[in-house]
Amino acid sequence: MAPAAPLETLNKVIGALLLGAFANSMLYMLEILEVIKYFRRFPNDPKTLKCSIVVLLLLDSTCTFAQWACLYLYGVLHWGDLDYLGYQNLVIPIYIYTSGIIGFIVQNFLISRYFKLTKRWIVCAGLIFMTIAALVGSVWCATQLSIVTDYSHRNVAVNSAILWLVSSAATDTAIASALVIQLRSVTSAFRETRSLIRRLIFHTIQTGSVTTAIAICVLVTYLNDTNANICVGFGFTLGRLYTLTMLFNLNNRQALKEGDSHSGGLNHTPSNEISMHGITVHRTAIVHIDEEQAASHHEIDDKRTPEYGGPFDGYDKSTSEVDSATAN
């Protein structure tokens with residue numbers, strides 16, 4: 001019979017995994033509900049976007065099932081086996097592989113939304129380079145940990161873990177900052193539109209900060225104790241949080257439009273609206289009032305874009321103003 005494992009070892013190896021798997025399971029159930037909601041609400045979305053959601057769900061399912069298998073191995077088949085607890089099974093590399101790929105997909109989705117809104121090639125190229133660095137770091141880290149399975153030698157992945165998690169956190173922060181800067185540049189004389197922009201800014205910061213915070217927690221706890229699984233407990237939820245970020249952005253499109261139309265200040269008709277798979281731009285009339293001739297006339301300048309044939313085709317930002325931009 002194998003010697004019984006001390007309580008401290010069980011807490012470090014199994015305790016954090018158990019808590020992380022519980023939290024991940026709840027997020028996974030929420031993700032399934034959001035996926036169902038997405039396919040019911042937006043059946044006409046592009047096939048590439050739908051395929052991305054399916055791929056994310058499959059990756060999240062793989063990671064979640066692997067976590068459950070990990071708990072069964074540690075907590076049932078090899079319960080109290082000190083020798084087995086000294087080695088990590090394949091769940092750790094699987095969660096890192098899947099989390100890295102999921103983060104790469106979601107981050108590039110957000111970058112594509114930003115590009116369609118701004119057409120800023122240089123900024124988007126820099127963001128894409130950061131996502132590639134994060135993906136390379138995750139694959140490198142997972143490969144190292146799949147080769148070195150002894151917990152006492154898990155510090156071999158320090159450099160790759162730093163590359164992965166720092167790049168992920170920096171990318172999330174950069175994407176959120178770029179979107180906030182773009183939204184703050186939108187000006188409007190309508191109070192309701194300004195309120196909508198503020199809500200969008202808050203939504204962008206909120207969704208971007210969650211994955212950033214978790215990535216930082218994973219890195220800090222890993223560097224603090226490379227032999228423990230506390231970092232893995234945090235990391236178990238990272239992939240699901242990325243997927244939920246994308247799903248919330250997609251599913252909240254309708255809610256934001258309804259909130260805007262029910263605010264009482266703006267009345268957007270379908271002919272005055274462009275929807276670009278997560279970015280919705282409402283076109284409204286812009287009223288310019290000359291202070292010296294305010295009593296005599298009003299000048300109404302209705303800036304319209306040509307029929308949609310691509311994101312912002314023919315749209316001249318130097319002479320036009322977008323009163324309301326919903327960038328989800």
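The backbone N, Cα and C atoms fix where each Cβ goes, and this holds for glycine too.
Whatever TrEMBL says is automated annotation, not expert-curated.
The structure displayed is predicted, hence computed values, not measured ones.
Annotation source TrEMBL lists transmembrane segment at 12-30 (among others). Within its own chain, the transmembrane segment (12-30) has Cβ neighbours under 8 Å at 5, 60-61, 63-64, 67-68, 70-71, 74-75, 85, 151, 225, 227-237, 240-241, 244, counting only residues six or more beyond its boundaries.
The feature transmembrane segment is assigned by TrEMBL to 51-74 (among others).
Here TrEMBL flags 94-111 (among others) as transmembrane segment. Panel annotation: around the transmembrane segment (94-111), residues 52, 55-56, 59-60, 62-63, 66-67, 124, 127-128, 131-132, 134-135, 137-139, 141-142, 145, 164, 168, 171-172, 175, 179, 211, 232, 235-236, 238-239, 242-243, 245-246, 249, 278 of the same chain, lying at least six beyond its termini, place a Cβ under 8 Å from a Cβ of the stretch.
Taken from TrEMBL, the feature transmembrane segment applies to 123-149 (among others). Outside the transmembrane segment (123-149), and at least 6 residues removed from its termini, the chain residues within Cβ reach (under 8 Å) are 87-90, 92-94, 96-97, 99-101, 103-104, 107-108, 111, 114-115, 156-157, 160-165, 167-168, 170-171, 174-175, 178.
Summarising the annotation, TrEMBL assigns transmembrane segment to 161-180 (among others).
If you look up TrEMBL, you'll see 168-254 marked as domain 'DUF6534'.
Annotated transmembrane segment per TrEMBL: 200-221 (among others), in sequence order.
Proximity of distant same-chain residues to the transmembrane segment (227-248), defined by a Cβ-Cβ separation under 8 Å and at least 6 residues beyond the stretch ends, is recorded for 12-14, 16-17, 19-21, 23-24, 27-28, 30-31, 34-35, 37-38, 52-53, 56-57, 59-60, 63-64, 67, 88, 92, 95-96, 98-99, 102-103, 105-107, 109-110, 151-152, 154, 207-208, 210-211, 214-215, 217-219, 221. What TrEMBL records for 227-248 (among others) is transmembrane segment.
The compositional bias 'Basic and acidic residues' annotation in TrEMBL covers 292-306.
TrEMBL lists 292-328 with the feature region 'Disordered'.
Long-range neighbours of the transmembrane segment (161-180) within the same chain, counting only residues 6 or more positions beyond its ends whose Cβ lies under 8 Å from a Cβ of the stretch, are 96, 100, 103, 107, 110-111, 114, 118, 123, 126-127, 130-131, 133-134, 136-138, 140-141, 201, 204-205, 207-209, 211-212, 215-216, 218-219, 222-223, 327.
Beyond the transmembrane segment (51-74), the same-chain residues lying 6 or more positions past its ends with a Cβ under 8 Å from any Cβ of the stretch are 13-14, 17-18, 20-21, 24-25, 28, 31-32, 35, 38-39, 84-85, 89-91, 94-95, 98-99, 101-102, 105-106, 109, 236, 239-240, 243, 246-247, 250. For the domain 'DUF6534' (168-254), the predicted model reports an average pLDDT of 82.
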